[in-house]
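Everything on this sheet refers to the single structure shown next.
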């Protein structure tokens with residue numbers, strides 16, 4: 001494939017000015033990314049990096065992209081979801097000169113086309129040498145269709161739980177060809193983005209889509225991992241009566257100890273009025289469950305892919321489907337009752353709203369930037385010696401790695417000032433007593449926060 005005829009394809013370039021205003025607002029709420037620009041801008045640690053990114057093309061992602069560029073990288077971009085692009089964000093990034101191929105409401109074919117287009121949009125027909133992914137679609141495409149691009153690739157960083165599961169499967173099957181950093185399992189990602197991000201953005205998506213009163217409703221949350229915990233807390237905070245389904249006895253016990261009733265989907269499907277899937281698995285809600293649901297049950301997903309809900313069964317077996325408004329469809333079933341599907345079974349917080357807030361995404365994206373630096377500089381011993389926070393980041397073998405604790409703690413520190421947090425300092429005596437450095441890291445890698 002030759003280089004694209006133009007260096008972007010988006011919905012409307014005239015939205016760029018609007019997008020730029022929102023990017024400027026978001027920058028104030030993303031202190032981690034701004035601190036990284038300040039700390040490493042003069043060093044240009046990503047000079048020479050060519051990063052292909054596949055992640056929701058939102059305002060917050062625009063700040064991430066411009067941070068990578070500010071550190072010296074050349075970047076191309078596509079979205080990792082057909083509904084999640086904010087068109088004004090894509091326009092602002094395109095207007096800044098970054099090749100971006102994304103718009104809200106892509107077809108499946110257009111989605112794959114966009115991912116492939118970005119691979120051939122680097123200057124002088126050069127190939128990528130870093131991948132920044134969310135969900136694994138870009139990683140899979142390059143490994144399966146363009147393996148020659150991996151020859152000079154320093155590695156990849158993966159944003160989300162689903163993509164990390166895919167990476168470990170690739171390792172097991174011997175298919176992963178470059179080092180990968182699991183950004184999702186950084187504490188400042190999984191315990192913040194997954195938990196606190198979902199705690200706010202889930203309800204935002206449901207409310208914008210349906211205007212439903214959640215107080216008093218029976219809400220069913222499938223899965224009680226970090227995402228499920230945030231969703232359950234949000235729904236309970238709105239006054240809903242929350243049921244949880246789980247396969248893992250530890251997570252089930254956690255849910256029970258928090259006061260949630262843990263049931264099976266078979267039982268919950270008869271009484272639930274709002275259903276949220278958070279598992280990263282498939283077939284969580286199937287045809288049998290749809291038939292059992294009460295009138296106008298609301299069904300949505302906040303996991304990465306659309307296979308948690310059997311949307312194909314719904315489309316094949318419904319007597320009628322009426323589109324109420326974008327991303328809100330009402331299906332008539334053989335039971336004579338209706339179900340309301342949000343975002344076509346894809347991410348409800350991005351399909352029906354604008355996703356997580358800027359502040360929590362700053363935590364996640366700070367990890368992404370540090371991961372990209374760690375990969376690109378993994379063989380640069382002088383850089384790692386000068387910047388002690390990167391001493392333990394390389395060289396990397398092919399496999400899946402996590403960022404060291406010192407970088408995780410650094411991300412947290414970047415965000416404390418905006419919240420008015422003042423840290424207590426260890427004394428020398430206390431440091432010696434605990435056996436940890438005065439400046440950290442403060443916890444062992446196995447510590448569970």
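Quick reminder: no glycine exception, Cβ is built from N, Cα and C everywhere.
These features come from Swiss-Prot:
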type     : residues                                 : note
MOD_RES  : 2                                        : N-acetylserine
CROSSLNK : 21                                       : ubiquitin cross-link
BINDING  : 58, 134, 159, 189, 193                   : substrate binding site
BINDING  : 160-162, 194, 223-228, 246, 302-304, 349 : NAD(+) binding site
MOD_RES  : 393                                      : phosphothreonine
CROSSLNK : 413                                      : ubiquitin cross-link
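The recorded positions recorded for this entry are 21, 162, 223, 227, 349, and the Cα of 227 lies nearest to that of residue 193 (substrate binding site).
Pairwise Cα distances among 58, 134, 159, 189, 193, the recorded substrate-binding residues, top out at 18 Å. Rounded to the nearest whole angstrom, the C-alpha distance between residue 349 (NAD(+) binding site) and residue 134 (substrate binding site) is 16. Looking at 223, 225, 303, the binding-site residues in this record, the fewest other C-beta atoms within 10 angstroms of the C-beta turn up around 225. Secondary structure at residue 246 (NAD(+) binding site), as computed by DSSP, is coil. Between the CA atoms of residue 223 (NAD(+) binding site) and residue 189 (substrate binding site) there is a gap of 18 Å, rounded to the nearest whole number. Distance noted between the C-alpha atoms of residue 225 (NAD(+) binding site) and residue 159 (substrate binding site) is 16 Å.
For the recorded site, residue 159 (substrate binding site), the DSSP three-state label reads coil. Spatially, by CA atoms, the recorded positions 21, 134, 189, 393, 413 include one closest to residue 160 (NAD(+) binding site), and that is 134. Each of the binding-site residues 193, 246 was scored by other CB atoms within 10 A of its CB, and the lowest score goes to 246. Taking Cα separation as the measure, residue 134 (substrate binding site) is nearest to 303 of the recorded positions 21, 227, 246, 303, 393.
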